[in-house]
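Peer 1: Here TrEMBL flags 6-28, 40-65, 71-91, 150-170, 182-203 as transmembrane segment.
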Amino acid sequence: MTATSTLLMGVGMGLGLIAAVGAQNAYVLKRSIRGDVAMVPIVAFCVVSEAALILLGVAGVGVLIESAPAAITVMKWIGVVFLLAYGAFAASRAIRPGDGLQVDGNARVPSTLGALAACAAFTWLNPHAYLDCVVFLGTLANQQGTDLRWVFAAGAFIAGVLWFSLIGFGGKALRGLFARPGAWRVLDAGIAVMMLVLAIGLVRG
């Protein structure tokens, strides 16, 4: 696999995981839509946090693989199961969508520090963040080999920059779209398809 294809794989995988509907994304998008806090520090915090989790995964799983090469096979099948389960949940949300993103115009306006604290909780107290970024992305990165694993990690980092910039700075333009459950439904359907394709790729690889 070339560096370019590995980078693009990292971007695609990163977007598939980071863009999943969750508390962190919903909170950032809500703040952006309302425009009640400075979004630059919010977006920067989310990007740096994702980068730290990804780097932790690549470095940590890399040490495990170097000490026990057979672990990559076990992790491969764990990854396949995780991808299929993740895709199934996304498909379920696409089939039975929720109520969309609710924005209460009378809600109390938080300070920037308060918004950062909320983002920190949504990010670092979320077990899925560790599963997605540290375990899963780290495993996929190390399957690319010693040299290309950091290229994959760079792609996942780019995905985080793109996604958080989109929802952090484009919230007002997206207000009408993401206030409806149909937008999340399309997003979840796309995630489900991507997870299935990647799972098949892992099995065949």
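The backbone N, Cα and C atoms fix where each Cβ goes, and this holds for glycine too.
Please treat TrEMBL annotations as automatic predictions, because they have not gone through curation.
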Peer 1: Using a cut-off of under 8 Å between C-beta atoms, tell me which stretch among 6-28, 71-91, 150-170 contacts the transmembrane segment (182-203) the most.
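Peer 2: The stretch with the most close Cβ contacts to the transmembrane segment (182-203) is 71-91.
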Peer 1: What residues elsewhere in the chain lie close to the transmembrane segment (6-28), defined as a C-beta under 8 angstroms and at least 6 residues from its ends?
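Peer 2: Non-local partners: 42-43, 46, 50, 54, 86, 90, 93, 101, 118-119, 122-123, 126, 128-129, 132-133, 136-137, 140-141, 144, 148, 151-160, 162-164, 167-168, 184, 187-188, 191, 194-195, 198.
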